[in-house]
Amino acid sequence: MVKVNADYLKLKAGYLFPEISRRITEFSSKNPNADLIRLGIGDVTEPLPLACREAMKAAIEEMGTKDGFRGYGPEQGYKWLREIISENDYISRGCEISAEEIFVSDGSKCDSSNILDILGKENKIAVTDPVYPVYVDTNVMTGRTGEANSVGEYKGLSYIPINSENGFEASIPKDKFDLIYLCFPNNPTGAVATKEQLVSWVKYAKENNSLILFDAAYEAFIKDESIPHSIFEIEGARDCAIEFRSFSKNAGFTGTRCAFTVIPKSLKGKAGIETVDLWSLWNRRQSTKFNGVSYVVQRGAEAVYSKEGKTQIKKLVSFYMDNAEIIKSNLTAAGFEVFGAVNAPYAWIKTPKDMSSWDFFDFLLEKANVVGTPGSGFGAAGEGYFRLSAFNSRENVEKAMQRIVKLK
């Protein structure tokens with residue numbers, strides 16, 4: 001009989017979002033007429049920006065001609081897209097990131113998982129708690145952890161708490177870690193990292209020869225001009241960080257699929273006594289395992305940076321952040337303790353009356369027909385918290401707030 005990857009058996013009962021779907025399905029089967037409002041999974045709801053749609057339509061027509069047809073594209077992404085990303089997202093902010101250091105992909109979730117392909121299993125790893133579950137689960141799947149304890153913490157991983165007690169700041173650890181996952185603006189808490197905090201992290205990483213995996217998928221939602229959008233705004237980050245970005249939330253590409261990862265050419269790792277270039281390893285990995293993002297989609301992503309695209313993206317981001325403000329202001333006025341929802345599209349709510357995260361999930365589902373995300377699904381430090389997403393229509397967000405406020 002064929003042998004399986006037994007590391008998958010270490011995973012807790014189910015990935016957070018499939019478990020949410022299971023409970024919704026069970027509830028809906030018993031209550032088929034319930035008008036559910038979903039503020040749980042962070043999927044966008046508004047249409048693709050017009051500039052992106054028009055660019056993709058033109059690309060489709062181009063592909064229908066003999067001269068314009070394109071087959072396999074470069075695994076790293078088309079040069080014209082990488083150049084426009086470099087100029088707009090990095091050089092314009094004082095970051096020394098070239099087009100060659102940008103790898104276009106079909107999702108930051110995929111990249112933050114696949115990056116483990118080029119990193120050794122002996123690395124000492126730290127994650128924040130609460131944490132985006134993908135960071136943890138992919139380390140489990142690839143044999144980098146032991147079993148989970150009763151609260152879901154895996155042996156072999158170290159957890160850095162970010163909570164109301166420490167101002168949702170990821171404190172610099174005293175121990176040495178080889179690999180550190182940071183996500184700011186943070187999913188799920190909505191917290192941000194100041195320039196001073198990121199300077200401290202880069203200093204720590206350089207002193208300890210550590211690698212920071214920096215998830216900046218929500219950088220477009222930052223309102224505070226003092227908050228960095230990229231870790232590469234910090235001097236020295238080129239020597240100790242990889243950054244993941246996505247068009248999913250700012251441009252509505254969750255179903256279209258386009259993202260990118262930045263790996264500076266100056267970034268190094270160790271293989272025994274040999275010093276190795278991480279850029280070359282990732283380039284080799286992508287060339288072997290990835291066929292690239294479609295030409296049509298990349299033309300749509302390129303349009304994000306056009307004059308019209310920038311205006312439309314700004315409007316789209318503002319729409320979702322207005323939703324976040326509606327959530328935060330209504331729940332705060334009703335007596336809930338609410339964090340985030342200022343520089344990120346997520347509100348992180350303290351559950352009332354010491355309810356557990358899943359009990360509050362079931363309570364809102366049954367009493368208000370509103371779906372959110374239990375904080376405990378993001379780690380032990382998320383117990384007693386609940387995440388609501390701003391990704392929905394204005395009508396649904398306002399209706400959901402009316403229902404929840406009535407329950408308080």
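Numbering starts at 1 and runs along the chain as displayed.
Glycine is no exception: its Cβ is also placed from the backbone N, Cα and C atoms.
Since we're looking at a predicted model, the values are computed, not measured.
Lifted from Swiss-Prot, the feature list:
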BINDING   Y15, G42, K109, Y132, N187, N291, R387  substrate binding site
BINDING   Y72, S108, K109, Y132, N187, Y218, S246, F247, S248, R257, N291  pyridoxal 5'-phosphate binding site
MOD_RES   K249  N6-(pyridoxal phosphate)lysine
Calculate the distance in Å between the alpha carbons (Cα) of Y132 (substrate binding site) and S246 (pyridoxal 5'-phosphate binding site), and round it to a whole number. 15
What number of additional C-beta atoms lies within 10 angstroms of the C-beta atom of N187 (substrate binding site)? 26
DSSP output for S248 (pyridoxal 5'-phosphate binding site) maps to coil
If you measure from the CA of S246 (pyridoxal 5'-phosphate binding site) out to 10 Å, which binding-site residues from the list G42, N291, R387 are inside that radius? none
For Y132 (substrate binding site), list the number of other Cβ atoms lying within 10 Å of its Cβ atom. 21
Rank the binding-site residues S246, S248 by the number of other Cβ atoms within 10 Å of each Cβ, and give the residue at the low end. S248
Let me know how many other Cβ atoms fall within 10 Å of the Cβ of the residue listed as 'N6-(pyridoxal phosphate)lysine'. 25
Taking the Cα of Y72 (pyridoxal 5'-phosphate binding site) as the centre, which of the binding-site residues listed as K109, N187, N291 lie within 10 Å of it? N291
Taking the Cβ of each of the binding-site residues and counting other Cβ atoms inside 10 Å, which one has the highest number: G42, Y72, R387? R387
Which listed residue (K109, N291) has most other Cβ within 10 Å, given these are binding-site residues: K109
For N187 (substrate binding site), name the DSSP secondary structure in the helix/strand/coil scheme. coil
Whole-number answer please: how many Å between the C-alpha atoms of K109 (substrate binding site) and S248 (pyridoxal 5'-phosphate binding site)? 10
Whole-number answer please: how many Å between the C-alpha atoms of N187 (substrate binding site) and K249 (N6-(pyridoxal phosphate)lysine)? 12
